[in-house]
């Protein structure tokens, strides 16, 4: 005797219609044995479709007990019910319920994907099923390219993909012509003779006549359950048997297959609505482009500014007489001396030091007179300042010892006195009343901190002090901090040393490193402000993604129902839509980053002084942001999709 496969005891299913309850099933008691061919008949509204949904674990009874192969379904979770549908049931719908964007073989493969069957095995089985059902030449055809009978055979193949121990056929011939309907019925009869339990839900008496057992329903109750003694004789099959149930893969294989399916589905959904997808991505594209470009511009600007600061001596400390800039008493303080320079130079934290004295003097070359700042400095001055020579050389210690009448001029002085075509090296100019030979010209560097047209001339300190100005005290001292030494600590040490030597604090220091720190902080603050604006743009883009995904869930409700019917769990559906949201955002991110590089290239053509600097960190951050936006803003639509009721989803047009 066959075992009891499906058992219903006291099953009731009611629906709320407004303020009234509608009883679709009323105290149903039914047992269906393995291998039976059962027809459930009744007029429209009799409850036969609701009974099929309960039998197929697509719907839950309000009361009573339903067991599948001895397993009580009332205690199962939604995911466990999905596994039950996947492993035991195969659905054949009146309207086929094939996914229109997938080929026939891909529609058939779907249940095996959720079962974790390897790709090679499921493709082979799907192909054999379709060939067995006479569709060998239509494997890659989409539903729109198939006739009604062919689509129903694809639906049958899908129902058999995971074995189809129990076949639930809802009006399987209702949408077919007589020839196609007869072919489908012959297939179902063959399946039953091969050991499958087949349950036909129909109002067509001719279809029900093929069953060995007929159950009649009216107003949610079983009014008759009889053995069909008038069943027509079934001819012995002449065709080959259907391929056996495939061996299911492990969960890892299932996850890999699901991810592949999710990405394929996401891509198909995106390219099916190109304009909508582009508009959805627009906010993400603008946001990512803004973030990456702002960071690149900020980094480029910061490097440009810091480079200019370093050019004028970023690791230098200036010492001046008085208490601060603008001190009226500083002119009377004459305590800074050459011995202070020597004392500072001997300290381990000082790379080099130079004295400074200077005046504005009249400078003459032939019949050209100009006013220039003349400074007396040590030979190490140019090293301290990081100044390079464009022409010639700087003066050396021997020049200083001899009080040589040699000078180094800047580019502005060269242009004013000699013009761009005359070689100034070796030319004699009159500095005040002192004739001096030009031995070097400093490099012409464009600097945002020195845009003036001032003329500068440098000569050995000893020459300026002994031959030109007659001044023994210093106007200032410049020290260069040794590499690796903290500038702030060195500044404190310089203050302590000079205060100890002078016995009082009659000087002040100016550390250009503080300017660098200020520039860096300002740059970071500005970049943060602009990035926040860009983040707002990203958030707006994310909301757009969420809106369009909610629309997508609504449009694809029936697809979700089909996937649930063939065994998709809630987590599978949730993953499907999350992947789609992430893909939208990632593609938008890639386009945004690409646009940033285009902007950087155009920027380099328009602005020669400095360039946008793209960092790997900002690009990686952009990708991470894109992914997070997809996850965060795609979660609600994905959750909504996963929580859909299979019956309601299948009923949507």
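Keep in mind that glycine also has a Cβ here, set from the backbone N, Cα and C atoms.
Pulled from Swiss-Prot:
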type	residues	note
DOMAIN	6-244	domain 'ABC transporter'
BINDING	42, 43, 44, 45, 46, 47, 48, 49	ATP binding site
TRANSMEM	252-272	transmembrane segment
TRANSMEM	278-298	transmembrane segment
TRANSMEM	526-546	transmembrane segment
TRANSMEM	583-603	transmembrane segment
TRANSMEM	616-636	transmembrane segment
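Computed over the domain 'ABC transporter' (6-244), the whole-number mean pLDDT of the model equals 87.
Annotated ATP site 42, 43, 44, 45, 46, 47, 48, 49; additional same-chain residues within 8 Å of its Cβ mean position, judged by their own Cβ, are 203, 217, 218. Of all Cβ atoms in the protein chains displayed, 23 besides its own lie within 10 Å of the Cβ of residue 47 (ATP binding site).
Remark: of the binding-site residues 42, 45, the most isolated position is 45 (fewest other Cβ atoms within 10 Å of its Cβ).
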